[in-house]
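Colleague: Can you keep this structure in mind? I'll have questions shortly.
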């Protein structure tokens, strides 16, 4: 029987435009290839996990608008349990305004909308879903009070808690003590620990700060350099795959969804990381957020030929 992953997080309608470079203050640029795509860190990670083979339930909020309803239907078609996606009346679905530069880097501005309603009250309504899960995966695009309560419910019921602390913000020691696995990138690790992560040595220092807060496993994603892992007194960098990137928008989300999926299938940590890395590597070779997330079959074939 497949284990259950519950994802708690955001849903955004992504307004994406390609630009030659990011604008400077006071500058106007003409962009190209404008499109509206489905995104939000929570949604991206839920879709990634579902596409890659996980049994996923998604706790989230949408607005009382047509894009929210359309997105909820799309998640159901991905095989995601949408029972816990709440519709907030007289509110818009969250939005993200994304610039993608020629370098393939992206710059994102968020309008929270319905995401700001993912409160303790909404989480409490989904308590039974969290309690019966095998793993809870969260990010930080929704209110911290809801994230903290979900982590408390999970911990009380022996559910593994994975936090992708993005976008980065200072977190309480109480919340950090409830996390089993944390997956920041270099910037997020620095904001949370005060240690600038530039190499393996500094990553070890940052990881020790997380370990001191009670987090057993620290995984710092290093972009093209791979993933730094620290657990059970040992640390190492697991190198990524070399691909021609054209859009990195959902790379981190795809990695998190893939990693947790493989972990729930009883894969070793290294195997789970490689699976997540392979899925993320494929995603950066395509444009868009959820549209770039590969299927399980694509990912397995990529690993076979890597």
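The backbone N, Cα and C atoms fix where each Cβ goes, glycine too.
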Colleague: Of 247, 253, which one shares the substrate site with 12, 13, 14, 40, 41, 42, 43, 44, 141 in Swiss-Prot?
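Modeller: Answer per Swiss-Prot: 253.
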Colleague: Quick one: of 185, 249, which of the binding-site residues has the smallest count of other CB atoms within 10 A?
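Modeller: Counting other Cβ atoms within 10 Å of each of the binding-site residues 185, 249, the minimum falls on 185.
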Colleague: Measure from the CA atom of residue 247 (K(+) binding site) to the CA atom of residue 226 (ATP binding site) and give the result in Å, rounded to a whole number.
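Modeller: About 17 Å separates the two Cα atoms.
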Colleague: Just how many other Cβ atoms lie inside 10 Å of the Cβ on residue 286 (K(+) binding site)?
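Modeller: Other Cβ atoms within 10 Å of residue 286 (K(+) binding site): 14.
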Colleague: Compare all C-alpha positions of 12, 13, 14, 40, 41, 42, 43, 44, 141, 253, the record's substrate binders, and send over the largest distance in angstrom.
Modeller: 16
Colleague: Could you check the binding-site residues 12, 283, 292 and say which one's CB has the fewest neighbouring CB atoms inside 10 Å?
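Modeller: Comparing Cβ neighbour counts within 10 Å for the binding-site residues 12, 283, 292 gives 292.
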